[in-house]
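Colleague: One structure follows; several queries about it will come next.
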Amino acid sequence: MATHHANAVLPDEPEKATLEGKNKLLGFWLFLGGETVLFGSLFATFIALRDQTNGGPTSQQLFDMPLVAAATLLLLTSSMTAVMATLALHKKNLKQIQVWLTITVLLGLGFLGLEIYEFMHYVHEGHKISTSAFGSSFYTLVGFHGGHVAFGILWIVLLQLSATKKGLTVVTAPKFYLASLYWHFIDVVWVFIFTVVYLMGMIGGKVG
Amino acid sequence: MSAHASHAPKRSGLWDWLTTVDHKKIAILYLIAGGIFFLAGGFEALLIRLQLMYPESSVVGAKTFNELITMHGTTMIFLAAMPIIFALMNAVVPLQIGARDVAFPFVNSLGFWLFFFGGVLLNTSWFLGGAPDAGWTSYTTLALNQFSGHGVDFYVLGLQIAGLGTLIGGINFLVTIINMRAPGMTFMRMPMFTWASFVTSGLILFAFPAITVGLVLLMFDRLFGGNFFNPDAGGNVVIWEHIFWIFGHPEVYILILPAFGVISEVISTFARKRLFGYSSMVFATALIGFLGFMVWAHHMFTTGLGAIANTLFGLATMLIAVPTGIKIFNWLLTMWGGQIRFTTANLWAVGFIPTFTIGGMTGVMLAIPPADYQYHDSYFVVAHFHYVIVGGLVFGLFSGLYYWWPKMFGKLLNETLGKWNFWTFFIGFHLTFFPQHFLGLMGMPRRVFTYLKDQNLDLGNFISTIGAFGMTIGTILFVVNIFVTAASSKRAPADPWDGRSLEWAIPSPPPEYNFAQTPLVRGLDAFWIEKVAGNKGMTPAEPLGDIHMPSPSFLPFLMSVGLFIAGYGFMYHNYVVVVIGLLVTFACMFTRSVKDDPGYHIHEDEIEEKGVKA
Ligand code: HEM
Ligand SMILES: [Cu+2]
């Protein structure tokens with residue numbers, strides 16, 4: 001174990017050191033269970049409505065592989081940097097945590113930027129939430145995910161700011177841990193979006 | 001760890017209630033708010049029944065009638081039944097597992113305030129241009145702009161806010177039950193009410209996100225030009241039905257399982273026997289919870305899902321009768337040979353059994369798809385679900401309230417008034433809803449505001465309305481009982497019923513830290529075991545020491561107010577208001593996450609040594 005002097009008092013796995021920490025961890029896992037149902041319902045709705053374009057643009061006309069691939073790359077990398085942050089947490093090294101999280105946030109911002117560009121582009125092509133049932137379900141599913149990314153960025157930044165004052169303690173450690181758990185979750189959801197919305201949408205044809 | 005303040009922040013009066021994070025006080029808040037909504041929903045029901053008392057009458061008119069049935073159903077389910085369940089869970093579960101507190105006191109209070117402001121938002125629709133009128137199920141396309149008024153926007157946003165509160169409340173109880181049990185309190189030693197709360201919370205966790213999505217989609221359609229449910233633009237109305245019932249069917253088990261839990265506690269206490277077949281009860285509870293998710297499409301037999309789907313969902317539905325039957329027999333066998341005391345609490349519990357059984361039987365009838373084509377949307381359905389929701393859940397809640405009132409308020413409800421309360425409500429209930437089975441079979445459709453003379457519907461409807469007055473009298477007697485009890489000066493002892501589970505081992509009402517020393521649990525019916533062994537109380541599992549408490553907070557209230565304000569902004573497309581509201585909420589979240597809350601300590605010498613002896 002690294003024995004950085006100031007943190008020497010911190011127990012191993014500081015995120016689970018207190019009952020409060022354990023409660024938070026369990027509660028957060030359960031919350032993610034609920035989020036799974038939430039995204040599951042959105043996916044089901046999207047799959048049911050994806051071919052209902054009502055004369056508006058279809059997914060084949062809209063989607064653009066390089067853009068989506070770039071966004072995916074950014075987000076997947078950010079999950080890796082979040083893992084590095086958790087490893088740093090277990091080494092009780094606040095500085096490293098901060099560095100890795102900063103990279104995570106920057107990658108997340110890049111992803112969001114691409115998504116906003118993508119949406120604006122689509123609207124330009126006449127693909128709006130009100131154009132068709134496909135439009136409604138696309139923006140709701142992908143937008144919900146984007147909202148989660150935005151929230152995650154805000155959360156991590158706030159954590160980073162407050163940790164500069166408070167340092168790494170048994171109170172802040174669970175928060176770092178949960179934030180990166182959350183970040184992995186939205187990453188996994190994106191993998192499904194990438195497959196179900198974009199890949200399947202670009203192949204085209206009726207599925208199911 | 002950061003330094004702790006050593007004294008409780010002094011708060012009193014209203015300010016104390018607005019900021020409390022004590023689960024026992026939150027229980028009382030839930031009870032008061034849920035009780036008021038129950039009276040509102042009951043008043044709406046009475047108006048519905050007055051309108052239907054005679055054929056072709058026009059007491060309220062068609063438009064108001066639609067609003068009344070919608071608000072009645074919505075209010076009863078979301079704003080009366082759920083909160084009163086949460087009241088009991090908050091009052092009892094931490095005590096039954098020997099915990100000092102719930103896992104997330106702050107979240108607990110946030111859950112209450114979200115429910116409260118969601119409910120208020122929904123009800124302000126009455127004064128702001130009309131209440132929702134598309135039924136409590138808000139079926140599309142009826143619930144879209146073309147066919148229904150502004151009221152449905154209140155439904156969409158009010159339920160969204162209240163639903164969030166329920167969801168986080170459920171998570172709180174799951175974590176509390178998993179992580180906060182006293183030493184020795186294994187899962188298979190948990191009282192049935194705690195088990196029921198546990199499974200119910202699990203159902204909440206997986207069911208409520210579905211309605212969250214449903215409400216978001218409906219909101220997009222109604223407010224932002226979405227097309228999810230608009231067939232003209234490729235939308236599909238059956239999606240709403242699926243999502244609604246994927247939530248809605250588990251929801252009825254969310255309602256009934258806690259009632260089962262109450263009945264188990266009350267029957268075994270007043271039969272002075274341990275619950276018959278405890279482990280089969282646990283198994284049945286879990287199985288019902290699981291099956292509850294598998295059967296949602298029995299609400300959709302007539303939408304054309306096809307014969308195979310209908311058959312499978314029909315069979316799955318009927319399967320639920322098996323674990324439910326196990327429970328009924330276990331209750332009967334618990335009473336068998338027991339020394340039964342017919343207190344009011346036990347009257348409600350015993351009255352529950354045949355009433356709920358009738359509701360269960362009509363449920364199996366409805367689960368036969370071809371037969372359902374006949375019953376569908378008739379008064380037979382109305383009779384069925386009131387037999388389970390009122391005859392099941394409401395009876396269970398009354399039983400639980402009479403049983404735990406002393407633990408919650410330190411006083412025993414008046415038994416004489418209680419018996420009058422029971423009998424008027426019980427008889428009124430059966431008068432109201434039994435004839436509705438026949439009205440339905442004779443062809444009276446659900447959700448119609450009137451009917452013609454001389455079609456054999458007159459007498460049944462008349463009796464039904466008389467019964468509704470009976471229930472009204474019963475409810476009024478309960479309210480009277482509350483005031484009479486509050487005015488009396490007699491205090492309840494710690495263990496007025498000779499109870500079996502841990503909550504009876506500490507004073508009524510318990511001190512804010514519940515257990516001065518965490519108790520050591522040696523088996524099922526933990527307190528009873530000690531009493532039988534001749535011990536005065538529980539053996540402590542820890543030495544007496546300082547107790548750490550969370551500090552009160554105004555943030556949950558403010559956060560909910562923020563969403564409440566934002567809700568109006570969305571409805572009236574005023575985005576300045578939306579931003580202001582959300583800013584309030586986010587500012588509270590920000591404050592909460594940046595400012596650590598170290599709580600405070602109650603010192604050893606301040607702890608009254610009443611409950612647990614060292
Ligand atoms: C207190 C006595 C009650 C009376 C007299 C009463 C009466 C009624 C009536 C006449 C309807 C309208 C049926 C229709 O035309 O479709 C109705 C609907 C309903 N009631 Fe009750 N009810 C009572 C209590 C409750 C309670 C306690 C609950 C739930 C906890 C409840 C849940 C519902 C629901 C979910 C509906 C369906 C509303 C809809 O179709 O949109 N009721 N009730
Ligand atoms: Cu059902």
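In case you wondered, yes, glycine gets a Cβ from its N, Cα and C as well.
Here TrEMBL flags B:9-522 as domain 'Cytochrome oxidase subunit I profile'. Residues or ranges marked as transmembrane segment in TrEMBL: B:27-48, B:68-93, B:105-128, B:154-180, B:239-263, B:275-296, B:308-333, B:345-368, B:380-405, B:417-439, B:553-570, B:576-594 (among others).
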Colleague: For the transmembrane segment (B:553-570) against the transmembrane segment (B:154-180), do we get 3 or more Cβ-Cβ pairs below 8 Å once near-sequence pairs (under 6 apart) are dropped?
Modeller: yes
Colleague: Which value does the mean pLDDT take for the domain 'Cytochrome oxidase subunit I profile' (B:9-522) in this predicted structure?
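Modeller: A mean pLDDT of 96 is what the predicted model shows over the domain 'Cytochrome oxidase subunit I profile' (B:9-522).
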Colleague: Cβ under 8 Å to the transmembrane segment (B:105-128), counting only same-chain residues 6 or more beyond its ends: which ones?
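Modeller: Those are 20-23, 26, 29-30, 33, 37, 40, 67, 71, 74-75, 78-79, 82-83, 86, 90, 150-151, 154-155, 157-166, 168-169, 171-172, 550, 553, 555-557, 559-561, 563-564, 567-568, 592, 597, in sequence order.
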Colleague: If you count Cβ pairs under 8 Å, which stretch among B:154-180, B:275-296, B:380-405, B:417-439 touches the transmembrane segment (B:308-333) the most?
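Modeller: Of the candidates B:154-180, B:275-296, B:380-405, B:417-439, B:275-296 scores highest.
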Colleague: Is the transmembrane segment (B:275-296) packed against any residues at least 6 beyond its ends, judged by a Cβ distance under 8 Å, and which are they?
Modeller: 188, 192, 195-196, 199-200, 202-203, 206-207, 242, 245-246, 248-250, 252-253, 257, 260-261, 264, 267-268, 313, 316-317, 319-320, 322-324, 326-327, 329-331, 333-334, 336, 524
Colleague: Taking a Cβ cut-off under 8 Å, which residues six or more beyond the ends of the transmembrane segment (B:68-93) line up next to it in the same chain?
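Modeller: Tertiary neighbours of the transmembrane segment (B:68-93) are 23-24, 26-28, 30-31, 33-35, 37-38, 40-41, 44-45, 47-48, 51, 60, 102, 108, 111-112, 115, 119, 122-123, 125-126, 131-138, 151, 155, 159, 162-163, 166, 169, 173, 176-177, 193-194, 197, 200, 251, 254-255, 258, 262, 389, 393-394, 397, 400-401, 404, 407-408, 447, 503.
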